[in-house]
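> What TrEMBL lists as transmembrane segment is 64-83, 92-111, 172-200, 220-240, 261-286, 323-340, 411-433, 439-457, 469-487, 507-527. Here TrEMBL flags 587-609 as region 'Disordered'. According to TrEMBL, the feature compositional bias 'Polar residues' maps to 599-609.
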Amino acid sequence: NWMHCCCLPKPQSMRNASDPGLTNCRFCRDITKGFLGNSSSVSVDVLILCPPTNPLTPNIQHCLTAFGGLIAIPLILSQALCLQHDGLTQSYLISTIFFVSGLCTLLQVIFGVRLPILQGGTFTMLAPSLAMLSMPERTCPAWTQNASMVNVSSPVFIEVWQSRMRELQGSIMVGSCFQILVGFSGLIGFFMKFIGPLTIAPTISLIGLSLFDSAGMSAGNHWGVAAMTTVLIVMFSQYLRHMTVPVPAYSKTRKFHSSRMYIFQILPVLLGITLSWLVCYLLTIYDILPLDPKEYGYQARTDLKGDVIAQAPWFRFPYPGQWGMPTVSLAGVCGILAGVTSSMVESVGDYHACARLSGAPPPPRHAINRGVGIEGVGCLLAGAWGTGNGTTSYSENVGALGITKVGSRMVIVASGVLMVLMGMFGKIGAIFTTLPTPVIGGMFLVMFGVISAAGVANLQYADMNSSRNIFIFGFSVFTGLVIPNWILKNPTSIATGVNELDQVLQVLLNTSMFVGGFFGFVLDNTIPGSKHERGLVAWNEAHQEIEGDVPETSEVYNLPFGLSSRFLSFSWVWCLPFCPPVGREQGPLGDKEDVTKPGLTQTQASGCQ
């Protein structure tokens, strides 16, 4: 077994005869077993600064794994923002979300939960955003649906979409303040006592189910092309996922050599849409696809937005307020709050999964609080920059850790830097906007189906032989589909006499995940049932926190650059829920340093926890 040792002197007080040959190391750990004796299959764990193999490969893998979600969100929002015929602005949105996602990834890995977890756009905020933009006063003018009538440089058209974006920005920024408060105050632990699988399952499932119309409309432009894209993605991700492909690699010991990679398992979406795009390109250059915009299949052509790549600048630096000063509406904020709450719950589960796959100990409470708070800061930045969305932990990239076997957080830091650079390279966003609409629809069919199934998977913790649980889940999902559908068809039915209240109810009742999650939460907490039946016991065991601050936990989760030791010298810091617990901190050479402030006893300090 490969042993990793840091070549720093171990204090004499910590040496013992059971460490033959290893007495000059700060710590030695068999990383094939992970921390705390847990079984782990990672070959490079979270603390390794640089993996022994070529570090560029896992960096690119993580970025490519996130591509599907990163490009899907701006493309869906562009329809509601009246931008379906403005490819250049769509490319700006894609570049912006890449830039902000990279920036938030750096913040999360360095100052947040400090696990190798990628940040990106969140579908939990997409549903309330679409609900807000579908209100009667926010419906796109009819002329924006006709490409021949849209002048993308017209001040009228620019104001049409930017006014909607600015309201979305303001709502996200205000809603993110709630997440910052919940995270840094430690309230997330209190909320999780009442949120179980029967609340999470309908909420997450309805995110995917509520987007079936977007998938159908996009795929319906050419069902043949959409089916081809879907078949390719399914074939790569399911049937060929265990097949390895030789790829060039480099290491210091072996230099340039051939290495085998599970490329189909890592890049199924990117490979699927790339091959579909190539097929559409061939059908376009040979004029097999129709030239008349009114004919079926015209949207599958690849030359509809060909000028976007030429128009897009090589370098463009996204900046806060690039679409103007954000505005705030009460209805938008209430809708975003529903998305923020769902995102927080989902992220807590991702933290524990990431810790297991990266060979790290379970995240302690202070790290989870800090991670949720930093995600709130990320949503605030996303709102300021104008992505039209927030940020959250990417479950896809957590799964990628199990494929690459590289759990080093420095790899994710490099991935964040790479995404920032990609966000400043304008041609990359422009390339993605040229994807034919049916290809995007085929990708949506797979992605939204997986999101729906991921929500249902949370029911594994609950007793689904119980008629109580079957009723709660079934009723929550069904009402989450029925009520928003009725509100959408009867937009003027809500008339309380107070315009602001009407807008709030319109947005909330038009958001499937809020309706389903609300009924799931209320019913699960009011209908009698044991904790085992509700799934709370199994859920808590799967997301178990550890108490105290064992040495390995300090190394992984404490603040970087010695900030923990510096901050803990102030007595008031002991009471902050996002700071490490009171005790003995890891010294610069691996020894234990007593950082209890003079005049503040251990018992007094512990009372702040």
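For all residues, glycine too, the Cβ spot is worked out from N, Cα and C.
Where the annotation comes from TrEMBL, it is an automatic prediction and has not been curated.
Mind running through what each feature is packed against?
Using a Cβ-Cβ cut-off under 8 Å and counting only residues 6 or more beyond its ends in the same chain, the transmembrane segment (220-240) has close neighbours at 264-265, 267-269, 271-273, 275-276, 279-280, 296-300, 436-439, 441-443, 445-446.
The list of residues near the transmembrane segment (261-286) in space but at least 6 beyond its ends in sequence, with Cβ under 8 angstroms from a Cβ of it, reads 57, 61, 64-65, 67-68, 225, 228-230, 232-233, 236-237, 240-247, 300-303, 400, 403-404, 434-436, 438-440, 442-443, 446-447.
Same-chain residues lying 6 or more positions outside the transmembrane segment (323-340) and placing a CB less than 8 Å from one of its CB atoms are 122, 124-129, 131-132, 135, 162-163, 165-176, 178-179, 376, 379, 383-384, 386, 390, 500, 503-504, 506-508, 511, 513-514, 517.
Tertiary proximity for the transmembrane segment (411-433) is limited to same-chain residues at least six positions away from its ends with a CB under 8 Å from its CB atoms, namely 51, 55-56, 58-60, 62-63, 66, 71, 75, 87-88, 90-106, 109-110, 116-119, 305, 308-309, 311-318, 397.
Tertiary neighbourhood of the transmembrane segment (439-457): same-chain residues 68-69, 72, 75, 123, 200-209, 211-212, 214-221, 225-230, 233-234, 237, 269, 272-273, 276-277, 280, 300, 395, selected by CB-CB distance under 8 Å and a gap of 6+ residues from either end.
For the transmembrane segment (469-487), same-chain residues at least 6 beyond its ends with a Cβ under 8 Å from one of its own Cβ atoms are 131, 198, 201-202, 205-206, 209-210, 459, 462-463, 493-494, 506, 509-513, 515-517, 519-520, 523-524, 527, 529, 533-535.
Outside the transmembrane segment (507-527) by six or more residues, the chain places 124, 127-128, 131-132, 134-135, 194-196, 198-207, 209-210, 331-332, 334-335, 338-339, 341-342, 468, 471-473, 475-477, 479-481, 483-484, 487-488, 494, 534 with a CB less than 8 A from a CB of the stretch.
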